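Right, one structure below, let's go through it.
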Amino acid sequence: MSPFPIARAGRALAAAAIAGSLAFTLAACGTEQSGSSSQTQATAATDEFPVTVEHAFGKTTVEKNPQRVATVGWANHEVPLALGIVPVGMSKATWGDDDGNGIMPWDEEKLSELGGETPVLFDETDGIPFEEVANTKPDVILASYSGLTKEDYETLSKIARVVAYPDIPWGTSMKDMTEMNATALGRKADGEKLVQDAEKKVADALEKHPDLKGKKVLFTSFSGTEDSSKVGFFSTKDPRMGFLAEHGFAAPDYVKSESEKSDAFWLEVSAEKPEVFKDADLVVSYSSGSKEDDEKQLKSMQSDPLLSKIPAIADGRVAFLENGPLGAAANPSPLSIPWGIDRYFEQLDEALKA
């Protein structure tokens with residue numbers, strides 16, 4: 001699943017159709033399983049079961065220690081991996097992957113360390129492949145950071161217990177994702193420790209770049225808005241902007257106020273109002289994949305009569321995150337933070353001093 005989740009027409013209809021066939025699919029699977037329970041359950045749970053996790057669609061109770069864990073959405077698999085559990089299936093990385101194998105480098109490192117088989121990879125480009133998920137015969141499905149619809153949730157619930165997001169689609173913080181998923185695995189305290197360790201790494205990385213502290217960041221994607229009359233930006237409800245706002249940076253005043261009015265992770269404003277971003281110290285966006293093209297784009301914006309009124313753009317204080325693992329790591333997760341937080345902050349610091 002891409003970090004830019006897009007609702008696709010017909011998805012709800014497809015979910016309903018697949019739900020009707022799941023009974024047949026599960027029966028046809030018989031005793032066939034992808035992987036083994038020993039592959040997934042590397043370490044014992046520390047909590048007593050049953051455990052209950054509250055989320056946007058209600059409550060999910062996991063009755064016993066899950067032996068087979070599947071994940072959908074973005075980065076949910078990193079929680080079991082960080083806890084020493086190799087999922088039987090997880091979402092395929094379709095954006096930001098450096099070698100095209102569908103697995104982020106930090107996940108590859110952890111899988112190699114654990115010595116488990118490569119999980120089944122679910123390609124969610126056109127929605128969740130429900131039958132593929134069912135074929136892994138999971139005991140629990142982790143989706144606390146995802147864009148599940150009600151139909152998706154109900155369909156997955158026919159397969160196994162499902163942990164959905166706490167409030168809004170694609171709006172789960174790294175902390176909540178980690179703690180919710182860990183709780184479902186009977187590892188609540190270990191999940192809290194993962195968060196503490198990640199927070200320390202972030203704080204240590206920021207200490208190396210004191211000039212970044214308190215800076216207001218406009219996190220956007222120049223290709224994310226199809227309407228050229230609009231300027232789009234990630235709200236503080238999105239983990240990318242939310243992460244920065246919670247870890248020593250700040251959101252521009254307009255981003256902060258608009259985020260408080262909406263649950264959307266992506267918002268837009270008329271390009272006729274560039275002054276609303278006058279207090280942004282730094283603009284962060286995703287690279288086109290070409291440094292030369294990024295430079296051309298910056299020059300184009302600097303010559304634009306409207307966008308050039310945003311001081312950060314006029315002064316060239318724009319960080320183009322690579323169209324690869326580092327760009328994906330800007331969406332924080334338990335394993336990506338140790339892998340990329342230093343490089344991430346280094347790039348922001350370089351852009352700030354442009």
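Positions of Cβ are set from backbone N, Cα and C atoms, glycine also.
Heads up, TrEMBL stuff is auto-annotated, nobody curated it.
The stretch that TrEMBL tags with coiled coil, taken from the ranges 104-131, 188-215, 216-243, is 188-215. In the predicted model, the coiled coil (188-215) shows an average pLDDT of 97.
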